[in-house]
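Input: a single structure, listed below in structure tokens.
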Amino acid sequence: MQLKIMPKKKRLSAGRAPLMLFLCQMISALEVPLDLVQPPTITQQSPKDYIIDPRENIVIQCEAKGKPSPSFSWTRNGTHFDIDKDPLVTMKPGSGTLTINIMSEGKAETYEGVYQCTARNERGAAISNNIVIRPSRSPLWTKEKLEPIILRNGQSLVLPCRPPIGLPPPIIFWMDNSFQRLPQSERVSQGLNGDLYFSNVLPEDTREDYICYARFNHTQTIQQKQPISVKVISVDELNDTIAANLSDTEFYGAKSHRQRPPTFLTPDGNTSRKEELRGNVLSLECIAEGLPTPIIYWIKEDGTLPINRTFYRNFKKTLQIVQVTEADSGNYQCIAKNALGAIHHTISVTVKAAPYWIIAPQNLVLSPEEDGTLICRANGNPKPRISWLSNGVPIEIAPDDPSRKIDGDTIIFSKVQERSSAVYQCNASNEYGYLLANAFVNVLAEPPRILTSANTLYQVIANRPALLDCAFFGSPLPTIEWFKGAKGSALREDIYVLHENGTLEIPVAQKDSTGTYTCVARNKLGMANNDVHLEIKDPTRIIKQPEYAVVQRGSTVSFECKVKHDHTLIPTVMWLKDHGELPNDGRFTVDKDRLVVADVNDDDGGTYTCVANTTLDNVSASAVLSVVDVPNPPFDLELTDQLDRSVQLSWTPGDDNNSPITKFIIEYEDAMHEPGLWHHQTEVPGTQTTAQLKLSPYVNYSFRVMAENNLGRSLPSEASEQYLTKAAEPDKNPTAVEGLGSEPDNLVITWKPLNGFESNGPGLQYKVSWRQKDGDDEWTSVVVANVSKYIVSGTPTFVPYLIKVQALNDAGFAPEPAAVMGHSGEDLPMVAPGNVRVNVVNSTLAEVHWDPVPLKSIRGHLQGYRIYYWKAQSSLTRNRRHIEKKILTFQGSKTHGMLPGLEPFSHYTLNVRVVNGKGEGPASPDKVFNTPEGVPSAPSSLKIVNPTLDSLTLEWEPPSHPNGILTEYTLKYQPINSTHELGPLVDLKIPANKTRWILKNLNFSTRYKFYFYAQTAAGSGIQITEEAITTVDEAMASRQVDIATQGWFIGLMCAVALLILILLIVCFIRRNKGGKYPVKEKEDAHADPEIQPMKEDDGTFGEYSDAEDHKPLKKGSRTPSDRTVKKEDSDDSLVDYGEGVNGQFNEDGSFIGQYSGKKEKEPAEGNESSEAPSPVNAMNSFV
């Protein structure tokens, strides 16, 4: 079957682009086998423009192939070059390459010229390009005397380089005497012509060693210009002598050093033109001068700049477009701008083109009587001229060939014969260059031959194209067919693609594509075939890809990359950083499928790629590492617009370290008043790099800036230059002005002084003024130094004064201050409160009333009233304890208050005094009152002694605080069975004069629980509890001993013990989980509980609480061995309700609080557990 061209309409994906490149390479590489007769073909030659090193031998290359082997000859400058006549010239055997030996003798300049090589055999002649030989040159700078350049600060400057003309042109750079490159910036930069441009000069530009260097790469030499001396001075630095000897014209330029709008240093004028050749780099340059330094911008007037081919160099002063095309022609505008204005320059760009191929002629192999064509098609600007040569001779004068016909850029061949074999040259030229191509016509009659090796094995990844090669040759051109398997039919083009070069393409190879394929080539002279083999492999995949990471500097990060692959392929995994090798650093470690980077720094940020390679495929996955940190400090702080009360601060942000700056913090230092101490000035958003700062007079300011992002705050910047503001009168007066007397006859005026920052100038003082508020006196004033207090003596006691304190300095007075009121010194009050009345509310609370004292008698600020009270004696026992006075203070002008925490059934005495800032006044006459009875405290102890079979003896001590006359005791008791259940409750009344009682008719060997409390006329007191056991019957004990000696009983007891042990374990577990046994409430020892009546027992057992406070007496019980329970004293105390003797109260002078407490759990009745309530004696507040 005939070979078919792959359909052009089929679009190629990105993955198939390498495939098509491979096919194109195979097609262009389809050549006549070297064992067949063929015309010469040039395979290697020197470049058209060949610049040589004059210190080395000249080698001009010319290599060719053909059969028979070609012979070589040369022309020089259009005439035959006879190499045999020049002993310095030799030709390499079997080659046309020339070697000219100029190292032994001779000069390179002698052999300058245009050389062309011809390779010839019996089938034709091929020629090389015209090779222009020129030796490189690196001439010296001409000697010149360079005068020192003196110019004013801020002027523009251009230092010329003007290097010698070399071949090729030198590379220019500026250095100093120490061979250090001079720093360049937006202000100072080197132009394309090598000159050094200063937009404006600064004093630091002064130096004597501005040196331009020219490096000639071909000869590897560097030439140096004479050093240029530059001195930058300000007009103020010119002394009278210099001013007398130098005129303005002797300075470099005559422009003012003041700020000015931009002007262009290069190029000149408003417009210019630029011409560039297609494929080259277009470089456009604009350099401007001005103060402040101008910024350069670029636009294309009639279009947009190509995104992927546009680059800015030299601080945007140079615009470069690479691989320039005719579409890049047009007008380009550069704009220079600073704060004072803008200027623009238009560059008109024209792109020309040296000839370039549209279709280059290809070798043509024909069999006798076949037809064919040679096509030579090129383009350029201007349009190139096409000319043909045959065997190196213009076709117009070449031997005639009846089989050929020339039609412009095409030669048509018809019914060729063997004598039609020749080499044709196509030349396309215009004013910018030429193209020369050799293409032969070779007339042969050859049967098919397969050039691909037999049984070649192809391995392909599944789901990718498979290309099975069948390189062939034959004349006439053979047809190609492909078969699969030994008995397969010809492969159809609806599944496969057959290419012109014989290659079979399987667009999507699958596992079933594996097998043997046969290529068959046929023409009229014969047939040839070849077998190849195809294997399909599983693709390599990355099943765990590295992931994007954001880490802070100094931390550790890891990337994971897990690979799955065909088991017959061995993958290699490598890691790349930014498409290059990993840094040679021990912080980078790679194990089986992981990359770890320790101690991450800024340079580690970038793209990390995991690449898995096999012999057939490769896959990759990338992740970006962002290294973040707090910002770097801002720099280049500059103060502008300096006014008396404001200044503009500008700065350059430091690197944000991949975390955007959110704000800038500006601080200031006052070097005059607080050197070394920095204060917060203001904050501005992170997008802002200038701030208008408000200033205070007479401050020597320095500023610094800190940047802040989400990770924190940067270090401070370097401090700005200092700026001293002018002095002015104070803006404010002292604060916290007060007038208080320290003695009855003085007035102490105090204030908070202004700090140095607030003084606004030197000589800070204060004008202190005062007069009586209620009089007609004039103001009395005195000026004092920078202090904070002034004492006025001889004042009447506690008189209101109006006071003013005004700041002043050498520049003047602060604004008039507002007057504040103060008082002269206080004295002790003279009068005691009168008409003191007491109302007893209950046994622990009393209300006191009194009449206020006259205001004039207070002689000071009324602080309040103070009540002294004490317990004189008990109604039962006089002088039982030491008399202790208690104090309560009631703030303000209140005339009543509450006395809490009194003891019931007691005799109290009190008096009242008025209090001012100086102290207390005299006491009122003593007032006596008594408190009524209250409920008693618990009995002091309860002991159970002399247990017998059926009786127990109880002994106790009366309550420590009876709080009245005891009327009787109440004893309640109930039995407790073996399951801790409470039995019926027995209630017994005992006379108050008893301290011992015997309970009879009790059950033997039984535990009893007792509840015991005293009573007064006010009610029942707090109860005390105890437990005891009656003794065991001796007869029963004897019988138990007899039974215990029996074997069956011992076995039974062992079984019961084991069962009890199991039950105990279960109970213990349940108890730890919060068992069912209730816990009795704690007894409350505070005052005035009122015991509620208990329920009558119903004769049944209730549940018994075995909380710690009430466990039966046993080993380990916390109850003392003498079965005595002590009860702590419970005295009411103001310490519980206020601040000791000066306890504070409500606005109305009353004490807010309550006595509260919880009673012992009441005895259980019946089958229920009965719990006594917790009574609360609330204390009422009276207004």
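The first residue you see is number 1, and the count goes up from there.
Heads up, the Cβ atoms here are built off N, Cα and C, so glycines get one too.
Nobody curates TrEMBL annotations by hand; they come from automatic prediction.
Per TrEMBL, these features apply:
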type	residues	note
COMPBIAS	1078-1098	compositional bias 'Basic and acidic residues'
COMPBIAS	1120-1129	compositional bias 'Basic and acidic residues'
COMPBIAS	1167-1183	compositional bias 'Polar residues'
DOMAIN	40-128	domain 'Ig-like'
DOMAIN	135-229	domain 'Ig-like'
DOMAIN	261-350	domain 'Ig-like'
DOMAIN	355-442	domain 'Ig-like'
DOMAIN	448-535	domain 'Ig-like'
DOMAIN	539-626	domain 'Ig-like'
DOMAIN	633-728	domain 'Fibronectin type-III'
DOMAIN	730-827	domain 'Fibronectin type-III'
DOMAIN	832-934	domain 'Fibronectin type-III'
DOMAIN	938-1034	domain 'Fibronectin type-III'
SIGNAL	1-29	signal peptide
- Any chance the domain 'Ig-like' (40-128) and the domain 'Ig-like' (448-535) are in contact, meaning at least three CB pairs closer than 8 A with a sequence separation of 6+? no
- Taking DSSP helix as H, G and I and strand as E and B, the domain 'Ig-like' (355-442) has 3 helix, 52 strand, 33 coil
- Secondary structure content of the domain 'Ig-like' (261-350), with strand meaning DSSP E or B: 3 helix, 55 strand, 32 coil
- Helix, strand and coil residue totals from DSSP for the domain 'Ig-like' (40-128) stand at 7 helix, 46 strand, 36 coil
- Message: Within the domain 'Fibronectin type-III' (633-728), count helix residues (DSSP H, G, I), strand residues (E, B) and coil residues, in that order.
- Response: 0 helix, 52 strand, 44 coil
